[in-house]
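S.K.: In case it helps, TrEMBL gives these features for our protein:
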type	residues	note
DOMAIN	5-183	domain '3-hydroxyacyl-CoA dehydrogenase NAD binding'
BINDING	Gly10, Ala11, Gly12, Gln13, Met14, Gly15, Asp33, Glu92, Lys97, Ser119, Asn143, Lys274	NAD(+) binding site
SITE	His140	site 'Important for catalytic activity'
DOMAIN	186-282	domain '3-hydroxyacyl-CoA dehydrogenase C-terminal'
Amino acid sequence: MAINTVMVIGAGQMGAGIAQVFAQSGFDVKLNDLQEEALEKGRAGIEKRLTRAVEKGRMTEDEKTGRLSRLATTTTLADAHDCDFVVEAVVENMDVKKKVFSELDTHAPAHAILASNTSSLPITEIAASTKRADQVIGMHFMNPVPVMKLVEIIRGLQTSDETYQAIEDMTKQLSKTPVEVRDFPGFVSNRVLMPMINEAIYTVYEGVAEPEAVDEVMKLGMNHPMGPLTLADFIGLDTCLYIMEVLHEGFGDSKYRPCPLLRQYVQAGWLGKKSGRGFYQYES
Ligand code: NAI
């Protein structure tokens, strides 16, 4: 099945990046959000990144104009009526996602594949809110989307082989690398990453080392480009806590219990870079 026209739902940090990557790979893109302001902000961000690429000589002005001309914006889900593929990147909340998928199911053509960019919610449950569960799949892009090569492709229990193959092929068309995983809490990326971040927080909580020392050990000792606490601040400590809770609840195993210090920082509103303070302080 040929995928030509796509809709991206949610024009936030991830959705705008995903829309950009599709537009620059030759797809016609409709970017959807509830709010006009979010669409304007998303589009302005894309334009800014493309302008920077022109300035750096990585793209011509004509290419930039061509890419922007393939990008439309809409606040109406019914505009999915002529889309071959839809990817959802709205807030990480199961009720909101289920509502989007069941509505989308009534608007998107029968052949369309529906994907979610969720970082932790079960694809199988999202798929069950539609009448085409075999055509629903997880497509977990990494942040920042235009830069990061990986797309974790999550097969729900009901995802068909045909759907998986179409999405694997499409991911390669985006010049990204697909990796196939099954639908279990945290998939692979967050199941491996988050316990490491949580353990780094435990070492601070237990007074083993200061945050700077923990990050230095992991950077210089393990060759990580960024220490786990710097990374946690970048991701957002509320997001880290949320994903640890998904792992803890999903597996029922105490090895995934969130560190009390992480919980306390979130209670204090110390959410990392976005709030100006996490394990480190940031200029506002
Ligand atoms: P964000 O908060 O930046 O953007 C969410 C956007 O969705 C907002 O513009 C909001 O207005 C819009 N929205 C909310 N409900 C909507 C609805 N019913 N219909 C249309 N638009 C709606 O969030 P972000 O960070 O872009 O995350 C989006 C998804 O991507 C989440 O599921 C998150 O778990 C996942 N994700 C996030 C990563 C990150 O590093 N931020 C990395 C990988 C996945």
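Every residue, even glycine, has its Cβ placed from backbone N, Cα and C.
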S.K.: From the binding-site residues listed here (Gly10, Gly12, Met14, Asp33, Lys97, Asn143), select those whose CB sits under 6 A from an atom of ligand 1.
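M.R.: Result: Gly10, Gly12, Met14, Asp33, Asn143.
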S.K.: Taking the Cβ of His140 (site 'Important for catalytic activity') as the reference point, list residues of the same chain whose Cβ is under 8 angstroms away and which are at least six residues distant in sequence.
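M.R.: When sequence neighbours closer than 6 are ignored, His140 (site 'Important for catalytic activity') has Asn117, Thr118, Ser119, Val151, Glu152, Ile153, Ile154, Phe187, Ser189 within Cβ distance under 8 Å.
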S.K.: Give, as a single whole number between 0 and 100, the mean pLDDT over the domain '3-hydroxyacyl-CoA dehydrogenase C-terminal' (186-282).
M.R.: 97
S.K.: Please give the maximum pairwise Cα distance, in Å and rounded to a whole number, for the NAD(+)-binding set Gly10, Ala11, Gly12, Gln13, Met14, Gly15, Asp33, Glu92, Lys97, Ser119, Asn143, Lys274.
M.R.: 24
S.K.: Please name the residue among the binding-site residues Gly10, Gly12 whose C-beta has the most neighbouring C-beta atoms within 10 angstroms.
M.R.: Gly10
S.K.: For the domain '3-hydroxyacyl-CoA dehydrogenase C-terminal' (186-282), DSSP counts of helix, strand and coil?
M.R.: 67 helix, 3 strand, 27 coil
S.K.: Reduced to three states, what secondary structure does DSSP give Gly12 (NAD(+) binding site)?
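M.R.: Where Gly12 (NAD(+) binding site) sits, the three-state DSSP reduction gives coil.
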